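According to Swiss-Prot, the protein has these features:
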- 2: active site, nucleophile (ACT_SITE)
- 2-217: domain 'Glutamine amidotransferase type-2' (DOMAIN)
- 283-422: domain 'SIS 1' (DOMAIN)
- 452-590: domain 'SIS 2' (DOMAIN)
- 595: active site, for Fru-6P isomerization activity (ACT_SITE)
């Protein structure tokens, strides 16, 4: 992990590669590097830390029109200059960048590379050294590349330079995202389209176990058997302005403010000309034919799934289970006879979720992906897709994708309810419109959120979020946002569980953020607040208008109670943002985190 770029053409490759890497910064990384074909061979530049440091060491006088680049998020070996990509073979003939994990790299070293002295701790160096070993047996570069890949077990997206064939880039993909971009007398390679929108909007999607030979005039796709594959390019539905901050200091703040527009966009996309919710009939029938829904997700998407369970069970009266993908893949529960799977992933590339999807596909079960990236791996491999229509989300901490997931899940639940003849009792599209209006109000109250962050979180070591019913799930997401970007030890708890152990953590001055948006548990959560105050906690109560009481810290505009999670999370996002600012943290690129987790 975490991002690859490549360029071959007539322009200066260095600047294109560096700008491409900068567009991949949102994915998270700890080091970066580029390699370029120069007059006297391949030149490698790499540094631990930010791309700005890498820029400082790149020689502007080196003329080159071919190169590859990489941002690394450490999986094998500590973050360091030595472990940063690109990696080279001993003779320096081959230079390689790689995303993914080679599971059998130690076995490959033992069987094929015992005489090689390795420079780094990475699994990636094994690939480039194996490439050189295969060529030494008399194979052509292409044959050696295919042989090398056939010996590897795991995931990879690879860009390879050959010093003896300077006018081409070799590319390969398996279980890790990679695109080839099409230009006029140039071509590019990228982990996602955003990296290369500066030069093209035409991309060719690569499938698993394919290799590509890229020159400035041609793109040749082959399978591992050497058979040529024809595939037309697609136009990326993005604009370069979509991935710029504009006047905002951070992408996260921009994306928080975009949430009302996202909700309105979702309403428009999922209703017919009469204003009625309309989903694909095939999705509806597949769910109606099932006897239980299983939601599979990670992180923020998992929290969205917990709320989605409430929507589906309350609206459509269908049983739902929600599972963390990384646990489900090796601890699968006993399934019902006719399960239906919903995979939630902002990027559509989450490796843990994909591992489960592969399993359930092999079992013959139908699956739906809810993702912000149609055409992503999960989208391609599932039977159905519901797009989020949220636009690119650049900040590592998810905000607008989360509320988009909630909106789409509510629409899905309402559609199934209607098909089953269940009475919803309210007009969902109208109520979602009111949610968007409430979001506008909340986004205009940044000064209040900043003040709360300063009062409760600027200097604290830890923080607890409590809630009952669906507020508990929103609290989990609030705690995740806070810990992600401010590095405060934050945890979410069910209010009723406090007395079963958690309350032992409360000490004098501990901030406790309590959510009170559900009428049927309002008195219960108020009692929990009294419990923690009695132990010295510093409470911050966020309530819904109509449920507020004297002493509440912030009152949310009223929306339909079922949709309260979509508005209750906005203050938590903003409080987390301002807490991170007060603590001088990197809001958009928090330490140790990657936006798209493409390895298990």
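Just so you know, glycine gets a Cβ as well, placed from its N, Cα and C.
With DSSP states grouped into helix (H, G, I), strand (E, B) and coil, the domain 'SIS 2' (452-590) comes out at 70 helix, 28 strand, 41 coil.
Helix, strand and coil residue tallies for the domain 'SIS 1' (283-422), in that order: 66 helix, 28 strand, 46 coil [DSSP]. Around the Cβ of residue 2 (active site, nucleophile), a 10 Å sphere holds 26 further Cβ atoms from the protein chains shown.
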